[in-house]
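Here's the structure, in structure tokens; my notes come after.
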Amino acid sequence: MKKTIMSFVAVAALSTTAFGAHASAKEITVQKGDTLWGISQKNGVNLKDLKEWNKLTSDKIIAGEKLTISSEETTTTGQYTIKAGDTLSKIAQKFGTTVNNLKVWNNLSSDMIYAGSTLSVKGQATAANTATENAQTNAPQAAPKQEAVQKEQPKQEAVQQQPKQETKAEAETSVNTEEKAVQSNTNNQEASKELTVTATAYTANDGGISGVTATGIDLNKNPNAKVIAVDPNVIPLGSKVYVEGYGEATAADTGGAIKGNKIDVFVPSKSDASNWGVKTVSVKVLN
């Protein structure tokens, strides 16, 4: 009887959204210490969308101001904005279609997708969680859950199945050891994106800046942090990256002059920044 009622709710939800967009919006008040990126992650929305909804031209926000958060998932055109953690399998299941259909509709040659991009889904999402639960129960062949928007790799699955075989480098928790492990194994990792950029360097107090990154990292308190400033339209904020000559870092900051294929690497001192100068380097986006 319970399953019958749950199915009826799912069907009713589908019928109300079959010919229109299913959307809702809410308004939040910016709190002291909030960042635009942090708000986007907390509410599960894309940073670029958040700026468009509120007509923002920069990442600067002020405590006390109001921001509109829209949870719109699809439009009448059947477009869906990919979120961090999405996979083609998840999206196909969410919209009642197949991975193959999504690839055909969007001219995809692989399962690789990127957060912030849009996909044609040719339908609407169900409004009832019970419908999703039933679909998962009836579709055991669905692809396994992934933690990031990236192509599934057999080698990674093998590591997950054999946790006792972790290398010493993977078990170390110190920043220096992790950096060495990344440098020695980067060539064996499959990056989700690789590009050539112009790289300059900056310190925590260049040009009178506060020393706090766009994602809330206090560089004055973390002088050895591996952080780079990026154009979020090229490298998403929060991404783990490997920068040639710098090592593994987090794309945690932005800058007015950082546009397109250009990055700024954070270094502890002015002398380090001067020694770095201007370089052309390769950047691998690891997730």
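Even glycines carry a Cβ here, placed using N, Cα and C.
Annotated in Swiss-Prot:
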| type | residues | note |
| --- | --- | --- |
| COMPBIAS | 165-181 | compositional bias 'Basic and acidic residues' |
| COMPBIAS | 182-193 | compositional bias 'Polar residues' |
| DOMAIN | 26-69 | domain 'LysM 1' |
| DOMAIN | 78-121 | domain 'LysM 2' |
| SIGNAL | 1-25 | signal peptide |
**Asked** Looking only at the domain 'LysM 2' (78-121), what is the mean pLDDT?
**Response** 85
**Prompt:** For the domain 'LysM 1' (26-69), DSSP counts of helix, strand and coil?
**Reply:** 14 helix, 8 strand, 22 coil
**Request:** Please indicate, using numbers and ranges, the residues of the same chain that are 6 or more beyond the domain 'LysM 1' (26-69) and have a C-beta under 8 Å from a C-beta there.
**Result:** 81, 83-84, 115-116, 214-216, 232-233, 236-238, 254, 256
**Residue counts (helix, strand, coil, in that order) that DSSP gives for the domain 'LysM 2' (78-121)** = 14 helix, 6 strand, 24 coil
